[in-house]
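Participant: First, the structure itself, so that you have it in front of you.
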Amino acid sequence: MDPISLFFGEPNLNNRAEEDGEDEEEAGDPFASTSTKSLSRFEEKNCKNLMPEIAATLIASANNVVVGVGLAYSAILIPQLESEDSDISVTEDELSWIASVVPLVAPLGSIMAGFLMDRFGRLNTLKISVIPGIAAWVLMALAYNVPMLVAARVFTGLAAPLSTSPGVVYISEIASKDLRGSFLGVGPVYVSVGLVLTYLKGWLLNWRLIAWSCNAYTIIPFFLVFFLPESPPWLVSKGKNEKAHKALDWIYKNQPPYRGKTFAEIYLTLLIKEDEQKKIDSKTGDSIIREFLKPTGYKPFLIICGVFLFQQFSGIYIFLFYSVTFFQTVGSDINPYVASIWIGVIRLVISILNTWMLSIFNRRHLMMASAFGMGVCTLISGLFTHWIKTGTTDASWVPVVFLVLYAVSSMVGLLTMPWTMTAELFPMKIRGVAYSVCNSVVNLMMFAAVQNYRNLEWLCGGPAGIQWLFSGVSFGTVVYVFVFLPETHRKKLVEIEEYFKTNTVYVGRRKGGHGGGGRDFGKNKESGGSGNT
């Protein structure tokens with residue numbers, strides 16, 4: 001997912017599973033060995049039949065616009081607060097809190113979202129999110145001191161996961177399996193739209209007017225959600241089978257009957273069967289802590305947290321939160337707001353392309369190429385920033401160009417890929433909990449990085465030095481990913497789990513995973529289209 005996947009909380013990660021037995025059918029009943037995850041192979045996929053799913057995806061993801069706005073808002077707010085005509089006096093320390101408090105409180109919002117989704121439903125939680133969402137922007141618009149600004153940002157941090165996590169879960173539960181990845185990619189596109197809108201308005205408008213206008217991004221999705229049916233799996237889990245049937249009728253209303261049964265009837269039968277099995281498994285399964293203490297639990301957790309640590313201090317999110325300020329410090333004559341707008345537009349284009357690249361290329365290759373490109377770009381931009389400051393060159397456009405390329409490189413892999421892999425590395429029993437724990441840890445890392453941006457810049461000797469720090473961390477990421485991170489693209493979950501039973505370091509890994517005799521985990525599968533590309 002996109003950068004802002006950190007706010008998405010805990011998606012229905014179990015839907016990523018595709019067990020070996022799902023591809024088999026019994027001759028008498030084609031649905032006897034079918035699960036809801038593999039039912040999509042019976043669907044007739046054309047624009048008309050998929051229109052309800054497409055509409056539901058576009059509406060359920062719409063709140064991501066305000067998430068992009070919330071993240072980019074500090075980038076346009078801080079320069080205006082630092083200007084001489086600002087009506088609120090702020091210190092550098094206070095500015096760092098205004099920028100960094102959002103990721104600090106986001107884990108609390110994720111916990112709240114998880115509870116509310118389970119208790120009240122996916123769509124009702126989206127409706128509830130309008131409360132902190134409006135509170136954030138009204139408080140921001142009316143703020144007359146720093147505590148009010150920080151409080152408004154706290155509400156922004158709480159509202160972000162409340163308004164996005166339910167949408168991710170909802171889409172993962174209603175979308176066809178083979179289209180789920182593309183549908184979930186709509187959220188990051190909306191985030192990029194929010195970033196572009198914020199940078200554009202920051203160039204033209206006062207921060208208070210922008211805050212008032214942001215209420216529209218919360219209110220419009222709130223009313224659109226009323227046109228959608230609740231998630232059928234959630235309704236079944238609450239014993240509301242009648243409502244689940246009506247919801248499925250809406251989602252699959254254009255699907256033709258199969259052997260005398262409507263698609264909704266077939267799907268409902270499978271949902272009820274799976275819900276009963278989950279209740280049995282929950283009574284007999286191992287504890288979450290015990291699963292975490294196994295190699296298949298702690299190894300992927302430590303490895304992916306290492307990736308996130310490199311991600312945070314490669315400057316990705318610092319650049320996102322301080323983009324306008326960052327462009328002001330590199331010595332360029334180009335308007336920093338215009339440069340930020342270009343960053344947002346390019347991010348939007350790349351986020352759309354990412355929905356295709358994720359299905360084609362290996363995760364490791366994308367991440368290493370991304371980190372290497374980031375390292376080269378910040379190395380060169382840092383050099384030219386230093387030369388501009390010392391009067392060696394007047395090519396002030398060069399740092400801007402390479403910082404734009406740095407942002408493009410980050411979007412290709414390191415910004416988005418760790419979130420995708422977090423949903424793939426863990427065993428099914430702990431995947432949801434592990435994702436939430438990782439989400440909280442990464443938010444704390446992000447808080448530390450964004451909060452200490454000014455200190456890091458001072459320690460590194462200025463704008464050029466901190467860019468060289470980002471460059472060094474990016475090159476270090478290439479080495480770390482090459483050595484430790486396993487490939488997950490088109491790997492079955494059971495293969496990934498078996499890998500961690502006997503391996504920690506990817507370089508020099510044991511062939512065949514656990515128990516030997518199998519194929520090399522890192523090589524392509526030659527049959528069934530399951531190999532790496």
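From the backbone N, Cα and C atoms, a Cβ is placed for every residue, glycine too.
Annotation comment: TrEMBL describes 19-28 as compositional bias 'Acidic residues'. Per TrEMBL, domain 'Major facilitator superfamily (MFS) profile' is recorded for 56-489. Annotated region 'Disordered' per TrEMBL: 1-38, 511-533, in sequence order. According to TrEMBL, the feature transmembrane segment maps to 54-76, 96-116, 128-144, 150-171, 183-203, 209-228, 300-322, 334-354, 366-388, 400-421, 433-453, 465-485.
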Participant: Looking only at residues six or more beyond either end of the transmembrane segment (96-116), which have a C-beta under 8 A from one in the stretch?
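Facilitator: Contacts with the transmembrane segment (96-116): 6-7, 9-10, 70-71, 74, 77-78, 81, 90, 124-125, 128, 132, 146, 149-150, 153-154, 156-162, 165-166, 317, 321-322, 436, 439-440, 443-444, 446-447, 450-454.
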Participant: Can you tell me the mean pLDDT for the domain 'Major facilitator superfamily (MFS) profile' (56-489)?
Facilitator: 87
Participant: With Cβ-Cβ distances below 8 Å as the criterion, list the same-chain residues six or more beyond the ends of the transmembrane segment (54-76) that contact it, or say none.
Facilitator: 3-4, 7, 98-99, 102, 122-123, 126, 129, 133, 136, 140, 153, 156-157, 159-160, 163-164, 166-167, 170-171, 174-175, 183, 186-188, 190-195, 197-199, 201-203, 207, 210-211, 214, 217-218, 220-221, 224-225, 227-228, 251, 320-325, 337, 340, 344
Participant: Quick one: find which recorded stretch in 183-203, 334-354, 366-388, 433-453 has the most Cβ pairs under 8 Å with the transmembrane segment (209-228).
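Facilitator: Per the Cβ under 8 Å count, 183-203.
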Participant: Top stretch among 128-144, 150-171, 433-453, 465-485 for CB pairs under 8 A with the transmembrane segment (300-322)?
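Facilitator: That would be 433-453.
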Participant: Out of 128-144, 150-171, 334-354, 433-453, 465-485, which stretch has the largest tally of CB pairs under 8 angstroms to the transmembrane segment (183-203)?
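Facilitator: That would be 334-354.
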Participant: Could you give the residue numbers and ranges of same-chain residues that sit at least 6 residues beyond the transmembrane segment (128-144) on either side and whose C-beta is under 8 angstroms from one of its C-beta atoms?
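Facilitator: Distant contacts of the transmembrane segment (128-144): 63, 66, 70, 73, 87-88, 109, 116, 120, 151-153, 155-156, 158-159, 162-163, 166, 207-209, 211-212, 214-215, 218-219, 222.
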Participant: Who are the long-range neighbours of the transmembrane segment (150-171) in its own chain, taking Cβ under 8 Å and residues 6 or more past its ends?
Facilitator: 4, 7-12, 56-57, 60-64, 66-67, 70, 73-74, 94, 97-98, 101-106, 108-110, 112-114, 116-117, 122-123, 125-126, 128-130, 132-133, 135-137, 139-140, 143, 180, 183-184, 186-187, 211, 218, 221, 231
